[in-house]
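Attaching a single structure in structure tokens format; questions to follow.
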Amino acid sequence: MSRAKAKDPRFPDFSFTVVEGARATRVPGGRTIEEIEPEYKIKGRTTFSAIFRYDPFDFWVGPFYVGFWGFVSVIGIIFGSYFYINETILKGPYSIPQNFFAGRIDPPPPELGLGFAAPGEPGFAWQMTVLFATIAFFGWMMRQVDISMKLDMGYHVPIAFGVAFSAWLVLQVIRPIALGMWHEGFVLGIMPHLDWVSNFGYRYNNFFYNPFHAIGITGLFASTWLLACHGSLILSAAQYRGPEGGDIENVFFRDVQYYSVGESGVHRLGYIFAIGGILSADLCILLSGWPVQDWVSFWNFWNNLPFWSGV
């Protein structure tokens, strides 16, 4: 006679009733998102209101917070998209009926230096697109700061976004200024910018000799690996519904490698590796063509160190 398999006492009956309705809670007796959100839609506590004592943009559109910086970001998105779409899709040889993925917006010619192109001149559309994209990125970062202030959170999210934003600034603003010409900015366009990235490495002999390139790639790959390990562990342990779930996750990594960095630690470590990788990539780009013209010759100092004498 067949018998039903006995339940493991560590795995309680975790069946639950799903509350009907969009975005509803799955926890019995819990509150829906719609019930919770109003408590956190707090007026004030923004950078704009802290300076001017009033923020006319301190409101929400549905679940989305607007704020002054959200408004600034939307303005940047609208005008930046206009210049980009107009130049790469609506005009030029790569219009809609053709391969607009190959459309490009070239930076100003070298002879313009750090000047500003007049409307209709080469480089004008590039400068306008870069200007409004920079405004949009900065506004989005500051909007994240405002939301963090409202919720009394740390500033880890806007800092991480700001580090990604720094890569754009280095490529399109800081490095061109350091080299004295906007022409050193990268070409805008889906396929052309990939060609620019490929050619950039060859300009300085062998980019694999660039130590900051290696450190940046290591940081990005390591953060991906760390958070993939963390995500797979959480999914595996999610099958266990007991109160000791966190302990089980720590025990797993102690069994695997004798040490567990902990739930908070793995997020912190992935965060540090990710932003560290981008900051290293910033140096990788900034130093190329400015103080360093050839990354292979850059390593000549190693052979001239005094402790190699006589070797």
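Keep in mind that glycine also has a Cβ here, set from the backbone N, Cα and C atoms.
What Swiss-Prot records for 68-90, 123-151, 156-178, 211-238, 262-287 is transmembrane segment. According to Swiss-Prot, the (7R,8Z)-bacteriochlorophyll b binding site annotation covers HIS183, HIS213. Swiss-Prot lists HIS230, HIS267 with the feature Fe cation binding site. What Swiss-Prot lists as ubiquinone binding site is PHE253.
So where do these features actually land, and what's packed around them?
Note on the transmembrane segment (68-90): residues 46-48, 55-58, 96, 100, 103-105, 125, 128-129, 131-143, 145-146, 188-189 of its chain, located 6 or more positions outside it, place their CB under 8 angstroms from a CB of the stretch.
Counting only same-chain residues 6+ beyond the ends of the transmembrane segment (123-151), those with a CB under 8 A from a CB of the stretch are 40, 42, 45-48, 65, 67-77, 79-80, 83-84, 86-87, 105-109, 112, 116-117, 157-158, 161-162, 165, 168-169, 172-173, 182-183, 185, 188.
Long-range Cβ contacts of HIS183 ((7R,8Z)-bacteriochlorophyll b binding site) within its own chain (separation 6+, distance under 8 Å): PRO107, PRO108, PRO109, PRO110, LEU112, GLY123, PRO176.
Non-local contacts of HIS230 (Fe cation binding site) by the CB criterion (under 8 A, 6+ apart in sequence, same chain) comprise VAL266, HIS267, GLY270.
Around PHE253 (ubiquinone binding site), the same-chain residues six or more apart in sequence whose CB sits under 8 Å from its CB are LEU233, TYR259, SER260, VAL261, listed in sequence order. In the three-state DSSP reading, PHE253 (ubiquinone binding site) counts as helix.
Beyond the ends of the transmembrane segment (262-287), by six or more residues, the same chain brings 156, 159-160, 163-164, 166-167, 170-171, 174-175, 178, 200, 210, 212-213, 215-220, 222-223, 226-227, 229-230, 246, 249-250 to within a C-beta distance below 8 angstroms of the stretch.
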Including all protein chains shown, what's the count of other C-beta atoms within 10 A of the C-beta of HIS267 (Fe cation binding site)?
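A count of 15.
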